[in-house]
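First up is the structure itself, then whatever we jot down about it.
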Amino acid sequence: MRIILLGAPGAGKGTQAQFLMGKYGIPQISTGDMLRAAIKAGTEMGLAAKRVMDEGKLVSDEIIIGLVKERIAQDDCKDGFLLDGFPRTIPQADAMKEAGVSVDHCIEFDVPDDVIVERMGGRRVHPASGRVYHVVYNPPKEEGKDNDTGEDLIIRDDDKEETVRKRLAIYHEQTKPLVNYYSAEADAGNCEYHKLDGTRPVDEVSAELAELLG
Ligand code: AP5
Ligand code: ZN
């Protein structure tokens, strides 16, 4: 099963990707996590990406498309994958189509901007696994620690309110057009398109996903 998780920053893509990975045994391909891993490794690409990400802007299509193509070609992706944070521009979606990579489901998480800003202020992440928490809505068992490993949770560098607002503006400008793009793909019979209310509690959103994906 090949799934695109589409939605604004903080809409819950990473959170639901963790749920879907567990349920369907398919890998999460998070371009944001891949870029953060490159930053941590100190690669040239990572350093260049960090400047862009800290400003809340998008990394170039060329770099991102290269990263995803390489990742999708790996063995563990042959039975499917979850695209989290990709595609995020029309050229990225076109590149996938041109490469002959079809998708089965495109899932849009609908969450208003004010809810997003509030959520990001409380987000804590475990970088090694991609697990995501919220101090109020999805707290870890022990404050500041990952549930599975007990390792420290961190606050992402781009979760400052000012940066979140910039990321939201860019989402509306460059990524929102993909709603029409994939709705049209669904109308043409190329995939299924589902729009979910992402403001409901994490478990309710997961339950709806499980129901619609079967
Ligand atoms: P990326 O890491 O992809 O960030 P994003 O898309 O902005 O999304 P987030 O990870 O911030 O949010 P999410 O939807 O995963 O929400 P989460 O589940 O964590 O990208 C970062 C940067 O990398 C970009 O700005 C860009 O520079 C670059 N980049 C990445 N991909 C790119 C691409 N394709 N092209 C170009 N550049 C790219 O949840 C958020 C919080 O809310 C958490 O605290 C969580 O616990 C909580 N929460 C989740 N669901 C609920 C719920 N239902 N109710 C209450 N709280 C909830
Ligand atoms: Zn995420």
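Note: Cβ is positioned from N, Cα and C throughout, glycine not excepted.
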Notebook entry, point to check: With TrEMBL as the source, which of 30-59, 90-119 is set down as region 'NMP'?
Noted result: 30-59
Next item on the list: Quick one: which of R123, R156 does TrEMBL put in the ATP site with G10, A11, G12, K13, G14, T15, V132, Y133, R200?
Entry: R123
Next item on the list: Could you look at R131, R167 and say which one TrEMBL places alongside T31, R36, K57, L58, V59, G85, F86, P87, R88, Q92, R156 in the AMP site?
Entry: R167
Margin query: Please list, in sequence order, the residues in the chain of K57 (AMP binding site) that are at least six apart in sequence and whose C-beta is under 8 Å away from its C-beta.
Written below: K166, I170
Check: Say you check the Cα of G10 (ATP binding site) against those of the binding-site residues T31, V59, R88, R156; which is nearest?
Finding: R156
Item checked: Per-residue Cβ crowding (10 Å cut-off), top of binding-site residues G12, G14 -> G12
